Protein chains: 2
Amino acid sequence: MRDDRGRQRVIIEGVRPAVDGGRFPIKRTIGDELIVEADVFADGHDALAVALRYRAESVPQWTEIPMEAIGNDRWRAAFPLSNIGQYRYTVTGWVDHFLTWRRDLIKKRDANQDLRLDLLIGAQLIEKAATQAPKEVEQALSRWVKELRATDAPEADRIRAALSAELAGIMAKHPDRAQASLYEVEFAVIVDREKARYSTWYEMFPRSCSTKPGVHGTFKDCEKRLPYIASMGFDVLYLPPIHPIGKTHRKGKNNAPTSRPEDHGSPWAIGSPDGGHTAIHPALGTLKDFRRLMERARTHDIEIAMDIAFQCSPDHPYVKEHREWFRIRPDGTVQYAENPPKKYQDIFPLEFETDQWRALWDELKQVVDYWIEQGIRIFRVDNPHTKPFPFWEWLIGEVKRTHPDVVFLAEAFTRPKVMNRLAKIGFSQSYNYFPWRTTKAELTQYFTELTQSDVREYLRPNLWPNTPDILTEQLQHGGRPVFMSRLVLAATLGASYGIYGPAYELGEHLPREAGSEEYADSEKYEIKRWDLDRPDSLQEFIGCVNRIRRDNPALQRDGSLRFHAIANEQLLCYSKRTADGSNVILVVVNLSPHHVHSGWLELDLASLGLDADQPFQVEDLLTHAHYLWQGERNYIEVNPHSAPAHIFRIRRRVRTEQDFDYFL
Amino acid sequence: MRDDRGRQRVIIEGVRPAVDGGRFPIKRTIGDELIVEADVFADGHDALAVALRYRAESVPQWTEIPMEAIGNDRWRAAFPLSNIGQYRYTVTGWVDHFLTWRRDLIKKRDANQDLRLDLLIGAQLIEKAATQAPKEVEQALSRWVKELRATDAPEADRIRAALSAELAGIMAKHPDRAQASLYEVEFAVIVDREKARYSTWYEMFPRSCSTKPGVHGTFKDCEKRLPYIASMGFDVLYLPPIHPIGKTHRKGKNNAPTSRPEDHGSPWAIGSPDGGHTAIHPALGTLKDFRRLMERARTHDIEIAMDIAFQCSPDHPYVKEHREWFRIRPDGTVQYAENPPKKYQDIFPLEFETDQWRALWDELKQVVDYWIEQGIRIFRVDNPHTKPFPFWEWLIGEVKRTHPDVVFLAEAFTRPKVMNRLAKIGFSQSYNYFPWRTTKAELTQYFTELTQSDVREYLRPNLWPNTPDILTEQLQHGGRPVFMSRLVLAATLGASYGIYGPAYELGEHLPREAGSEEYADSEKYEIKRWDLDRPDSLQEFIGCVNRIRRDNPALQRDGSLRFHAIANEQLLCYSKRTADGSNVILVVVNLSPHHVHSGWLELDLASLGLDADQPFQVEDLLTHAHYLWQGERNYIEVNPHSAPAHIFRIRRRVRTEQDFDYFL
């Protein structure tokens, strides 16, 4: 305080957005505008000037734009995020003596006070600015100094000169910032490509893609599946691990502790004499085949997401070549995974507490780098919460420094604070509790938290109604209407969502045993053959919902989510809306699979940008039925046996000058 | 991350309490226990050990106490604040491999698994701890190592040894903390004496204390006033500035721009040829008289609070001796205070932007130091928001470093964020918006914010229903019942409150003119004579309320404040309660001065520590009437013409083993 900071009268506090005071970056996507706010004030009543400073990480120079006072000492400005990568931002502010003087001069003039001394004070301020300004500005300012000091001129002329907008403009451009305050934190924002925010995932086991029964599918078979996936509107195809599978302690069908010779094992038991994390399972094809699949997928606007599961089968080359990366037991054997009393003898976890941790980190990064070289830009990370947080923070940071277009999805269905931390340290998207949030109260509470609290700044939820590990009780018992309603919920509550197919569209719902969330005859342990042409497939319905997502930008973001009241516990109603209000979607979902439900909506019209006294049009985008509504209260009925949800687009009425009405 | 932090698997987040991530200290009072919580977790499923570290600022060694897991990865511990001054605290945590191993051993034993290898792993862990432990511990641990490795002994014995509580205790005391995480912020807590939290203020102009009409009062007259002040239960007597008053541009009666020779001027126009901020107005007496007043006050348990108003009359010695501490205008005159178009020519503000700012800071600190030497420990600071924040942060920090018992009250009725910042940078107590919060909605909203949000960690409100500057419209028109109800509100909503007397107890309510909050014939500009014996004086009522405050510790803190519902907009109901529940106070105030109001209370029984199925006793501490209530809903009636409030003490029913009921 006794150093020069003692002279910095301007206080800057409460800079937002920020995660943990700036310890972690916030997240945005390209083309967004980042709105920054801060509390800025000083002692006394002097006028302030406040500026937002920002720069792309790689550019040392700051760009500054003035912040505007929006009341209660809060200031705001926004800057464009034109490129992917990282930006920095912070806030600076200073007391503006000229602005203070000018403001007070006007008040005194309006009170008819004697201004002679004030004009001389103003001249002093301008003179001081002149000495610090570039040559040509100095000359201009000196002219004003003379005018303000021209005691022989009429006072009215001198006041007019003093208050001229041109002078104010020049003085604002050349302020005295010697005592400016600069906020001590440089905040970071990660700017991702759009897919990090808005993505539609399809998970599929490549080995089940053959059309011939019992035959191991290949990448070539996957290629043939692409039009089918594209027809449903998915843009990310996520494949479970494609690496060689270990034989030692291989699990049999339904996770049996021993396997028969014809069993194919779990793709997550990675590594065999054929190779480890950078090798490809020979039965699937070659690296060339895989690259061709990626290319073909791209022609359908589909990107391949790769699974990153940093764990090893006992046959993984690392086990022989790098015993120092495993935990060795007193009998000299390698410690397998366990969650006592459960044992997973087919899986050896990597030992991050090894003294050779730096070499281990480097090797794992090289795995990621290798697949990036092959063209992969999306990684779905298996169980990230069982590896140290500093490792992920380092890995993701390093990867994105050279490849800011890479997207990481964290597969961590674990404790809330662990999930949040993984998002903070860099994961682009996060699995979450959606599968188990089924009632109106649960969904409302959870998605309000995800989209309205600070969590929204760093965690992007990716909603999965099912995964190969999760067949929820609701899906087991609810029948087709629940498969439809859960899909609509995932697709409209989440800008990113995914399904594990074809299990999902074919309504696969039998558990291994009662009370289990495991599938009976799970695809994790065997090759399945799916009849994609079944008449009860949801293929068409899913395609329709994903088309609605694509056509309505309101559904491609989460921040605008608002729930609307309806006095029926089985009906959930919510809306999303683009920032400019040009696209507004209202969804009503019947959460009960068995009954028709109806009720009176009580819409929060302000959040929809609607006037209470103007009718508005609602179009059900699933059925193309149109209705004309007005005001908050509107009757709604949802029959789960036709469709368990309405997805309405809302259009305001606009009246032209010719008294012609249309809906926009 | 590539440095050793990469090995620190434990994450520590969300440490509370904290102000702005630890940038500012929180506040507590002596004898409090500081409860600290944090989110602490690691990757995977290993057991953790977490410790709270704390130390008195002056002690370099940390004390550590284990934190307890309270669910959802939240940990908690508390430490005692036994001395005034500053303490530091932070959190550390590490993966506890022995604890993990022990927990898993129990699970495996219960599942009847083969434990031979596990016992050897345990022996390794103990052996490693032994090598790092002190000699005698090493020997004890070595014995256990042998027991665990005794393959010839019965396995049951080896397991019993492995799980012995003694071993667990020793291992917990000698953990391997090489990879421990330490939270990067050292938080600070300011521990004040109790008066910083719980204080009852009386403001009085010494010059009006003479009993002879028109005669300037003295400190000796003040002494005679002490029993009267003590009879009302006040423990802080705050005197407006007692320094010499300037003559140049002295204000006359009712703030008239010119004064007559017999006018005494405003005490805030500090400085004359008789001296400045360390001098005493000769008409009041001598320094010796002042010290005697302080001493006499102490015998009545009253402390004198001094006014610190860092501003000068044109006659202040600084003006001649330190022109560099003022702003000089182009004509060579000193800039007076102004708030255009208003001019305050009797006041010269100090110019903190002077190049000589360090000398100015030093001088002002010497003023404070001087009065501390005379025995002053409470300062009421006039208009702190017109001096730079870094100045106050430095001044208060320096003063409290050597005199941690000093209390600073910030007189800043200004913008909310400015008031909050002043509290953050060190002011012990803060004036606030209480005078203008009059409706039920306003009071509920404002005091919920002050007592339930993070503001409670650093801002201690001091509630003033009036001041010499503030005669609210409500007091002007409400009559005696409003003077009573506002006093009850101040005295029970705030652990600290004060009144400007005798204006308050005598119901002074005439404004200078309609629409003004200034008193007619304000005491700020003239000597007043008050008839303390008037039969309508509130002296006795105030004494009663302050006795209730003294007898009920629930009213001596603000954090437990809870509002209770009652369907009548004129009735405000709230409670306070000690942490141990032994003292519970429920207040019902009638906000309307003119009418009897009644309604059904809907008590939040849990917040009162009451059972719905047990009767409880309520005693009105103002009237000593007793009632027996049960459940949430209870009828209440408040007649402003007898007393505009009930202050109930609530006692739970306790049933002895002999079936004898009493209320506690």
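Glycine is no exception: its Cβ is also placed from the backbone N, Cα and C atoms.
According to TrEMBL, B:Gln311, B:Asp346, B:Asn383, B:Lys524, B:Tyr525 bind alpha-maltose 1-phosphate; the candidate from B:Lys247, B:Lys251, B:Lys440, B:Lys576 that the record adds to this site is B:Lys251. Listed recorded positions: B:Glu411, B:Asp469. The one with the lowest count of other Cβ atoms within 10 Å of its Cβ is B:Asp469.
Across the structure, B:Glu411 (active site, proton donor) and B:Asp469 (site 'Transition state stabilizer') are spaced 11 Å apart at their Cα atoms.
DSSP assignment over the region 'Disordered' (B:248-272) gives 3 helix, 2 strand, 20 coil. Secondary structure from DSSP puts B:Asp469 (site 'Transition state stabilizer') in coil.
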